[in-house]
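**Q** Dropping the structure in here first, questions after.
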Amino acid sequence: MATLVAPVQHSHIEDAKALYKACKGWGTDEKAVISILGHRTAAQRQQIRLAYQNLYQEDLVKRLESELSGAFEKAVYRWILEPADRDAVLANVAIKKACPDYHVIIEIACVHSPEELLAVRRAYQLSYKLSLEEDVAAHTTGDLRKLLVALVSVLRYDGPEINARLAKSEADILEDAIKNKAFNHEEVIRILTTRSKAQLMATFNRYRDDCGTSITKSLLREGDQVNEFAAALRTAIRCINNSNKYYEKIIRNAIKGAGTDEDALTRVIVTRAEKDLKVIKEVYYKRNSVTLEQAVAKDTSGDYNAFLLTLLGKAD
Amino acid sequence: MAEIEALIKALSGHGVDEKTVISILGNSQPEHRQAFRKEGGFFAEDERRFERWNDHHVKLLKHEFMRFKNAVVLWAMHPWERDARLIKEALKKGPNSNSVIVEIASTRSSDELLGARKAYHSLFEHSIEEDVASHIHGKEKKLLVALVSAYRYEGPKIKEDVAKSEAKALISAVKNAEKQNPIENDEVVRILSTRSKPHLKSVFKHYKEIAGQHFEDELDVHLILQAAVQCLITPQSYFSRVLDEAMRDGADKNTKKGLTRVLVTRADVDIRAISDDYRNHYAIPLADKIEAKAKGSYKEFLLTLMARGS
C-alpha cells in the first residue's frame, strides 16, 4: 500500500504557477516545493511538468536541479521523474560508479514486474542511447556479469502456475550447488534468471522444507560474507521472495550507525512511496520497535527530512 | 508410362499438384492404378501377394498435402504467435533446429521479438528464455539464451572505437579457438547479444579490416555462431541460403519447412531483397525456382505472397 497522500482533484496549472513562484527570485521556498510535489501522484507530477513547460518554456526538472541542493535535491529530482525514467537513472548511476553498485541493479531487475522492468529498459534506451543490458555487460565481468545481464534481460512469465515436481528438482540442484560452494554454477544462474517468480518461490519453499533452513541463510553460511557472487545471489533471492523485508533491511542499514546512506534511504522511499511503503513501514516497526518516521526524523534534517516525512505520509 | 511419371512427379516435391493428381488418378481405371502401384515406388509387394502402400510414403504424402494448410495457418497468424510457435516447435525438434531459434531471435526487430516473448507466455505458460535454458544443452546454449533475451537499442548511434576494440576481442576469441570454442566465449556472447545491429555491422567491418577475412569464413566458427552473425548483419543472404537448402533435392523434412517459414515470415518485410540476393547467388530468380520445385495450391500460395502489390 502507498504512503503518498495526494488530493484526487488538483489543478496542474495552479501547481505549476505556485512552483514557479516558489523558485522565482533569490532563494527557494522549499516548503512550498515539498507541500506540492510531496502530495502529487506520478501522473499528476507529469501534468505539472507539462503545464510548467507550456507556461514558462522551461523544464521544471532543470529549474529544481538548479534551485535545490544536496540530498534534498537528489530526492526531489528522483521523485519528480516518471517511475521508469527514475529507475533508468538509478540503474545508470549504479553502473557508472567506479565499482558498479550491482545490488541496485539486481534490486531493480528483481523487484519489478516483468512489464515494469520492460518499461525501465525502454526508458534506459531513450535516455542513454544504449540498451540496459549493453551497459551492464560493458561495465561488469565474469560471473557477476552473467548474472546481472541475465537478470535485466529476462522477461519472466508472470502467471501463478507452479510445477511442484520442477520445484523439487530445481531445489535439489540449488542445494547441491550451495553445498559444494559452486554458487556460480550455470544451473544456479539458469534457475534464478529464467524461472517465473511464482515458480521460484515454490522452489525456495521446497528448499527450506528439505534443508531445514532458508536458501539465503545457506548462502550466507556457505558463502561467508566475502564471496561477492553469493551475496549477489542472496540479494536477488531476497528481492524476489519478499521485497518488503529486503527494503526494510536496506533502510535499517542506511540509518544505523554513524552517518546515513542518503542515497539508499532516498531510493527506497522515493521508489516505494506510491507502491508498498506502508507495508515496509509495518515491517520496519515490527523489526525495530520504532516507526520509520521516528527513525528518519532522528537521522536526517532540514528540507530533506521534511520531504521524506511527507512521502512517508505525514499530515502537513 | 508417361502418366505414371507425371503422377509421381505431382506427388513429389513441395506440396501436391492437385490438378494433375485429379486428372490422372481421378480418371484412372483399376489397371492404371495397378500399374502405378507396381511401378511407382510408393508401394511394396506384400507376402500375401498385393501391392501395399509403404507407410512411410503415406506419411510423407500427408506432410505434402498439409504443406498448403500449414502455410495458410502460419500466414494468417499474428506475427507474435507465429514466432512463438516456431520457437516452441524448434525446441521440440531438437538441436538440428537450433538455427531456427537463432533466426527468429536475430532477424526480428526488438519489439517484434518482445511481442513473441509475450505471446510465448500466453501460449505455453513459460518464458522463452526458461525453456531454451532448460532444454538446450550444447555449447550453443549460452548464446541462444542471450539472443532470445535481447532488447536491442535500435538507434543509429555507433561508437567506432568501441566497435574496433570489440572486433579485436572477437579476433582474439577466434585465435583462441583451440582452448575455448568462440561460441562459448563470454565476450563473443556479450557482443553479439547486447549490441545494436548498426554497431555490430561496424564491428564486423573492423573485423574484416584487421583480420583480413570475414568472420563467417573463419574455419573454427561454430555453425550456429555463423548463422547468428549472418542473421544479425546480412539477413537477406541468410534467408536466401535457407531457401536454397529447403529446395534442394533430398532435403530432410525440417530443412524443407524453411521454404514456408521464410516466405511467410518475410513476405511483409524484405522478400524482394531476399529475392534479389537469391538471384545473385544462385543465378535463377527465386520465383522460378519455386515454380519448379513446389506444386499445386502450395506453390500458387507462395508465388502469390511474393507477387503481392507488384
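Placed from the backbone N, Cα and C atoms, the Cβ positions cover glycine too.
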**Q** Out of A:Glu65, A:Glu67, A:Glu73, A:Glu82, which does TrEMBL tie to the same Ca(2+) 1 site as A:Gly25, A:Gly27, A:Gly259, A:Asp299, A:Thr300?
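**A** Record source TrEMBL; matching candidate: A:Glu67.
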**Q** Can you grab the distance from A:Glu67 (Ca(2+) 1 binding site) over to A:Ala297 (Ca(2+) 2 binding site)? Cα atoms, rounded to a whole Å.
**A** 24
**Q** Could you measure between A:Ile255 (Ca(2+) 2 binding site) and A:Asp299 (Ca(2+) 1 binding site) for me? Cα positions, answer in whole angstrom.
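**A** Computed Cα spacing between A:Ile255 (Ca(2+) 2 binding site) and A:Asp299 (Ca(2+) 1 binding site) is 7 Å.
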**Q** Using a 10 Å cut-off, grab the number of neighbouring Cβ atoms around the Cβ of A:Ala297 (Ca(2+) 2 binding site), all chains included.
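**A** I get 17 for this one.
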**Q** Count the other Cβ atoms sitting within 10 Å of the Cβ of A:Gly25 (Ca(2+) 1 binding site), across every protein chain shown.
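**A** Other Cβ atoms within 10 Å of A:Gly25 (Ca(2+) 1 binding site): 8.
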